[in-house]
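All remarks here apply to the structure that follows.
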Amino acid sequence: MMWGTKLLPVLLLQHVLLHLLLLHVAIPYAEGQKKRRNTLHEFKKSAKTTLTKEDPLLKIKTKKVNSADECANRCIRNRGFTFTCKAFVFDKSRKRCYWYPFNSMSSGVKKGFGHEFDLYENKDYIRNCIIGKGGSYKGTVSITKSGIKCQPWNSMIPHEHSFLPSSYRGKDLQENYCRNPRGEEGGPWCFTSNPEVRYEVCDIPQCSEVECMTCNGESYRGPMDHTESGKTCQRWDQQTPHRHKFLPERYPDKGFDDNYCRNPDGKPRPWCYTLDPDTPWEYCAIKTCAHSAVNETDVPMETTECIQGQGEGYRGTSNTIWNGIPCQRWDSQYPHKHDITPENFKCKDLRENYCRNPDGAESPWCFTTDPNIRVGYCSQIPKCDVSSGQDCYRGNGKNYMGNLSKTRSGLTCSMWDKNMEDLHRHIFWEPDASKLNKNYCRNPDDDAHGPWCYTGNPLIPWDYCPISRCEGDTTPTIVNLDHPVISCAKTKQLRVVNGIPTQTTVGWMVSLKYRNKHICGGSLIKESWVLTARQCFPARNKDLKDYEAWLGIHDVHERGEEKRKQILNISQLVYGPEGSDLVLLKLARPAILDNFVSTIDLPSYGCTIPEKTTCSIYGWGYTGLINADGLLRVAHLYIMGNEKCSQHHQGKVTLNESELCAGAEKIGSGPCEGDYGGPLICEQHKMRMVLGVIVPGRGCAIPNRPGIFVRVAYYAKWIHKVILTYKL
């Protein structure tokens, strides 16, 4: 009986061990994948930096590797008793990694510059805050909350204990630093050097509280790297598990350091992509500052009568969009549901139904009271006056000699002398080098849309500068179409109302879809480029991963068209010149031209089309029917001159050289929501061309109200310049 009593625990232990072994064997593949996932997100990166040590006894390990990711994985595994990796340097040119048991905060260690080196430091060892219970904290705080110095972990004086470094490997019980080896409530703690106080917690703040946020957190640059549900953030310079466009080199002013929470696109608060493949992104839990003290450079200038910059500081009472349609109240969900509410954007002054720019769009805007037009810009609000000095330009700015050296997207201009080879590629004359000073905005190629400059960003090789025309120097009105014309031929959804179904020969027509839902039309002008309206992408920092370009389809609902359709991702947006309402979409890969997919020609620059020329618009938009069939439709319009167009609009419209007017041949036909971005196609000398782009109008196909389109011929040189220079 005694023998059986002794044997029972042994048998029980064997049973438990066998059960654990079976569990180990049955670990799913997904968990194994998780263990092998990239660990670079656990490190803080310092570009072009290396470490030098004064103590020759400090060991360094080195090995040739393929990438910084491999360096990180090996560093995390190097947590032995004699060597614990706290940082590494990756030599990009030699593909070599150097692992260090110290970091930049260690005594006798200095940072140094190295063009080919990138320093990565394990954030657990350098952060001055904790996440959750602080079980991963490995910082150097060694004072308790009440100010008592901590007792070393390997000492038994004045308090005996069992928390020995050898018993808690991996918990970094070094020196007398505060730790939480068991992950207990209260956070990191230590035994104290006071015989009367055995142990006490340390005063280490939560990472969510180290830096508070003001407004919606657009200027937040704190160290929070977990979402509000506890998911670890994905690094901004990584594309796995989620592909995105917010690359640090593309947006140098957005603070895309490592994997910290940020708000680059006007969301209600900071967020990040997550390492969970099933959760693309989540918000982060960051406290709001008690006082709205914020860097003055981050605060837009408040105006009430005009727009400064992109109008983020506009606080006036204009409450209609550019064509007179009243705005929907921000606190209303009718007729359009949305999340840009006064509660979510408390500091954006979303009062009443006034035009505002809460999300960093191109200018103030609002949801409209028209159920068929979701969003409209308030472009009738004038720009604030610019001075008549060197910070404005006349004509097309070819004689501008100011000192501005930043693009409209905030990128610093690149030196002209480093870009002369690229400049010679798209102009046919020798530029005046005396005007190309340093990296100042200039117009050496006689661009019709103003000064510009090259950038150091390969994704945005060049862009226009935020300089306005001088006061009194306005865009000229379009010529009367009765005069001789230059030949165009070379040797929210808007919908076509009451159009007739088209044939399948319009292979240049593109359906732009967001999460599989049609939102806009577009025109395939080159195998890799689509021309559409910027209203389809109102925020400059729009994430493109949920957008697709569908080509070769006649039925937007995809019925019976699986064989001929092509579905392509969008890799880049290129916004048109200021006020153009155009955007070019770079496709992730070129379209394959066949019987169902083709390109449409562009008109010659500056050409005009004769009045009364019959043209056509195409779209999948609103048809006036409750159960729309989803078929591509066409409506025929005729070109209308400036004077007649103005009469139909009760004298409220005066066309300029960037606009085109066309009226319906059939009463009640015209563009409506769902057709935004689609083309106005005209034929001249047996050549079909995209002469106009559909942009929001006043209502849908209103009788005797001709539509106003973006005149593509006015922007033809810009389109060709982008296609020639945007290579990535």
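Including glycine, each Cβ sits where the backbone N, Cα and C put it.
Taken from Swiss-Prot, the feature signal peptide applies to 1-32, supported by similarity to another entry. Sequence annotations record features per position, and here Swiss-Prot assigns pyrrolidone carboxylic acid to GLN33. Look at Swiss-Prot and you will find 38-124 tagged as domain 'PAN', backed by sequence analysis. Annotation comment: Swiss-Prot describes CYS71-CYS97, CYS75-CYS85, CYS129-CYS207, CYS150-CYS190, CYS178-CYS202, CYS212-CYS289, CYS306-CYS384, CYS355-CYS378, CYS392-CYS470, CYS441-CYS465, CYS615-CYS682, CYS672-CYS700 (among others) as disulfide bond. Per Swiss-Prot, domain 'Kringle 1' is recorded for 129-207. The domain 'Kringle 2' feature in Swiss-Prot is assigned to 212-289. The N-linked glycosylation site annotation in Swiss-Prot covers ASN295, ASN403, ASN569, ASN656. Positions annotated as domain 'Kringle 3' by Swiss-Prot, on the basis of sequence analysis: 306-384. The domain 'Kringle 4' annotation in Swiss-Prot covers 392-470. The annotation domain 'Peptidase S1' is assigned in Swiss-Prot to 496-724 on the grounds of sequence analysis.
Location within the structure of each feature annotated in Swiss-Prot.
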| residue | record | DSSP (3 states) |
| --- | --- | --- |
| CYS85 | disulfide bond | coil |
| CYS129 | disulfide bond | coil |
| CYS150 | disulfide bond | strand |
| CYS190 | disulfide bond | strand |
| CYS207 | disulfide bond | helix |
| CYS306 | disulfide bond | coil |
| ASN403 | N-linked glycosylation site | coil |
| CYS441 | disulfide bond | coil |
| CYS470 | disulfide bond | coil |
| CYS682 | disulfide bond | strand |
Distance check against CYS202 (disulfide bond) for the recorded positions CYS129, CYS190, CYS289, CYS355, ASN403, ASN656, keeping those with Cα within 10 Å: CYS190
Of CYS178, CYS212, CYS306, i.e. the disulfide-bonded residues, those within 10 Å of CYS470 (disulfide bond) when Cα atoms are compared: none
Secondary-structure category, per DSSP, in which CYS384 (disulfide bond) falls: coil
Structural state census, the domain 'Kringle 2' (212-289) (DSSP three-state): 0 helix, 13 strand, 65 coil
Nonlocal neighbours by CB distance (under 8 Å) for CYS384 (disulfide bond), same chain, sequence gap 6 or more: THR303, CYS306, ILE307, GLN308
Packing count at CYS212 (disulfide bond) (other Cβ atoms within 10 Å of its Cβ): 16
For CYS85 (disulfide bond), the one of CYS178, CYS207, CYS465, ASN656 that lies nearest, given that the recorded positions are compared by Cα: CYS178
Mapped DSSP class for CYS97 (disulfide bond), helix or strand or coil: strand
Those residues of the chain, 6+ apart, with a Cβ under 8 Å from that of CYS465 (disulfide bond): LEU404, LYS406, THR407, ARG408, CYS413, CYS441, GLY450, PRO451, TRP452, CYS453
Alpha-carbon distance [CYS207 (disulfide bond); ASN656 (N-linked glycosylation site)] in Å: 54
Averaged pLDDT score, the domain 'Kringle 2' (212-289): 90
Cα separation, CYS355 (disulfide bond) to CYS190 (disulfide bond) (Å, whole number): 56
Number of other Cβ atoms within 10 Å of the Cβ of CYS355 (disulfide bond) across all protein chains: 25
Integer Cα-Cα distance in angstrom, ASN569 (N-linked glycosylation site) to CYS71 (disulfide bond): 32
